[in-house]
């Protein structure tokens, strides 16, 4: 698992900061094994539900005080730490105190609590680093470059012409609003949103019925 996580990190970093990788080939260390993905055994899923943390999750260990991290902020729901492999000076992570393997499995209230701290924390980071901008980033899933399977939000301070993202040099193709494929894509997404709303309403009704 560590080898796979290292490979994903290397691939992600090659897209995000190719210059740094070329000059710095130090291996990526996690101070312990990374979290497992949501496809693990029923026992592991039971741990998530019953204890809200995973024993071999590096972020859970930080939250429990069993692994070292430089904490910038902490409240009842989340904490913010400096990334140990920063893409820029001040690169930080906002992490929920309960374990959720991905942002789509994280309760809306927890996501809202994390996001509500972004203006407060990012403002402090930008002042401390002398930056005037930042990227807010979530790598959700292995194919998107997620390495540690415990929900987290990246705050990455930026400066003009830092050339951090390789994609900034790429030309984007304008969206053709009259393209049939675009209309089909939009309709498909809207259909999925409607289905999710109906499913959530059904869950809310069942919850209310169980309370009455």
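Placed from the backbone N, Cα and C atoms, the Cβ positions cover glycine too.
Keep in mind that what you see is a predicted model, and the values were worked out from it rather than measured.
The Cβ of residue 152 (active site, tele-AMP-histidine intermediate) has 24 other Cβ atoms within 10 Å, all protein chains considered. According to TrEMBL, the active site, tele-AMP-histidine intermediate annotation covers 152.
According to TrEMBL, the domain 'HIT' annotation covers 58-165.
The motif 'Histidine triad motif' feature in TrEMBL is assigned to 150-154. Same-chain residues lying 6 or more positions outside the motif 'Histidine triad motif' (150-154) and placing a CB less than 8 Å from one of its CB atoms are 35, 54, 57-60, 83, 91-96, 99-103, 105-106, 110, 114-115, 118, 135-139.
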Inset, instruction - Indicate whether residue 152 (active site, tele-AMP-histidine intermediate) is helix, strand or coil by DSSP. - result: coil
Inset, instruction - Report the DSSP secondary-structure composition of the domain 'HIT' (58-165) as helix, strand and coil residue counts. - result: 33 helix, 25 strand, 50 coil
